[in-house]
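*Asks:* Just dropping this structure here.
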C-alpha cells in the first residue's frame, strides 16, 4: 500500500468501474453532439473574481466552498466550483458571440471542486457534463436543453427521475417579489447568518435545506404569483413545448437552485433513490450573467448533470450498462518465435479496430490463460514452436470452449469475420 492516499472527499476512478463513468459521460454528450453543440474545455482554475461575480458573493459556494489561493505572482485564483461562468468567460474572450451565428451552443465535461462535508453523492471533487446555449432568448432553447437531458438519462435506462420546473422571473418582476420575500423573512426566527443572507439575496434562504428553516417557509410568498405578463407567457411556452415532446415534469414554485445568476426558467433533475442528495443535475436561464462578468447582454441557458450522481442513480435502480469488452482477443505466445509472430498479429488486429491484448512478462501457459479469462476476451490465440512450424495458431472461443487451428496469415480475416 502507498504511503499516500487520495485526499479526503475525493476518489480515484479505477477499472472496471471507470468504464461505467465513461459510458455515462458519453451517453450525456451524445444527444448534445447531435444537436449542434460543440465541445469546449476550460482551465481547472480561474480568477477568483469570476466566480464571486458570476456565482454570487452570498452563495455558499463562494463564501464557504471554493478552493481559493494566491499565486507567487499575486494572482488570486480558485479551482472551478462549477462550469457555466468559465464557459461564458471563454466564449466572450474568443468573441464567439460576434460570429453572427447565435446561439453559440457548447458542451463540456470535466472535474469541479467544492470544499464540502464529504458524504455519499457529495464529494469535494466531482465530475459533470454540461451544456450552454449563449446569445438567444427563446423558450424553445430552454425546452431543447431539458428534452436533451431527459433523452440522455433515458438512453442510460434511468426511469425513476423527476424534472422539477420553475420560473424565477426577470429584472422587471423579481425586485417586487424580492421585497415581499424579505418582509416575510424578517418576521421569522432565523439565525444571524441566515438573516444576513436574506438581506443580500433572500432567494438563497428558500434553498436552505435545514429542516428548522424549511418549517418556517411554509407560508412564504411564491414567485409565480409575482411574475410579469412577459415572464408568465415565456414560462407557459416552455411548459407547452416540453409537454408536446412527451417529457413529464412537476411545477415546483420554491425551486431556486444554488447559484445567483439564474433568471426565468430554472429546473432540476432529482432521483428519489439517492436520499438527501437527490439532485442529479439541473440548470436554467441566466440572461444577466454576461454583463455581470463584464460582457455584453447575452441571454443564455444551460445545465450541468453530475456524472457521479448519475452513476449512483443507476445503482439505485439496479441498471447495469451494456459495456463493450475492453479486450476481444488475447494472444498467448509460447516461445520467442511465437512472441514475435503474435505481437505482430496483435498490432495488425488493433489497426483494423479489434481490441487485442498480449500476454506480457513471459508467464507460462496456465498463468497466461488466467489473464486471458480475466481480460474478458472472446477469443484467445495460442501458438508454440510446433504450431508455427505448421504455419498455424490455435484459436480458442472462450465462451464455447471450442478450439481450432487457423493459418497465421488468416488470423485477422478470421477474427474480423467472427467478431463481425
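Cβ coordinates come from backbone N, Cα and C, glycine included.
What TrEMBL shows for this protein is this:
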- 1-324: domain 'Aminoacyl-transfer RNA synthetases class-II family profile' (DOMAIN)
- 82, 83, 84, 114, 128, 132, 257, 261, 262: L-histidine binding site (BINDING)
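Can you walk me through where each of these features ends up in the structure?
*Replies:* Counting only same-chain residues six or more apart in sequence, the Cβ atoms lying under 8 angstroms from the Cβ of residue 257 (L-histidine binding site) belong to 207, 266, 268, 282, 283, 284.
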*Asks:* My understanding is the cutoff is Cβ-Cβ under 8 Å with a sequence separation of 6 or more in the same chain; which residues meet that for residue 128 (L-histidine binding site)?
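*Replies:* When sequence neighbours closer than 6 are ignored, residue 128 (L-histidine binding site) has 83, 109, 110, 112, 281, 304, 305, 306, 307 within Cβ distance under 8 Å.
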*Asks:* For the domain 'Aminoacyl-transfer RNA synthetases class-II family profile' (1-324), what's the mean pLDDT in this predicted model?
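*Replies:* Mean pLDDT, the domain 'Aminoacyl-transfer RNA synthetases class-II family profile' (1-324): 92.
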*Asks:* Using DSSP and three states only, what is residue 84 (L-histidine binding site)?
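*Replies:* Reduced to three states, the DSSP call for residue 84 (L-histidine binding site) is helix.
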*Asks:* Given the binding-site residues 82, 84, 262, which one has the fewest other C-beta atoms within 10 angstroms of its C-beta?
*Replies:* 82
*Asks:* Could you find out if DSSP has residue 128 (L-histidine binding site) as helix, strand or coil?
*Replies:* strand
*Asks:* Translate the DSSP assignment of residue 257 (L-histidine binding site) into the three-state scheme.
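*Replies:* Going by the DSSP assignment, residue 257 (L-histidine binding site) belongs to neither helix nor strand, so it counts as coil.
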*Asks:* Helix, strand or coil for residue 262 (L-histidine binding site)? Use DSSP.
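*Replies:* Reduced to three states, the DSSP call for residue 262 (L-histidine binding site) is coil.
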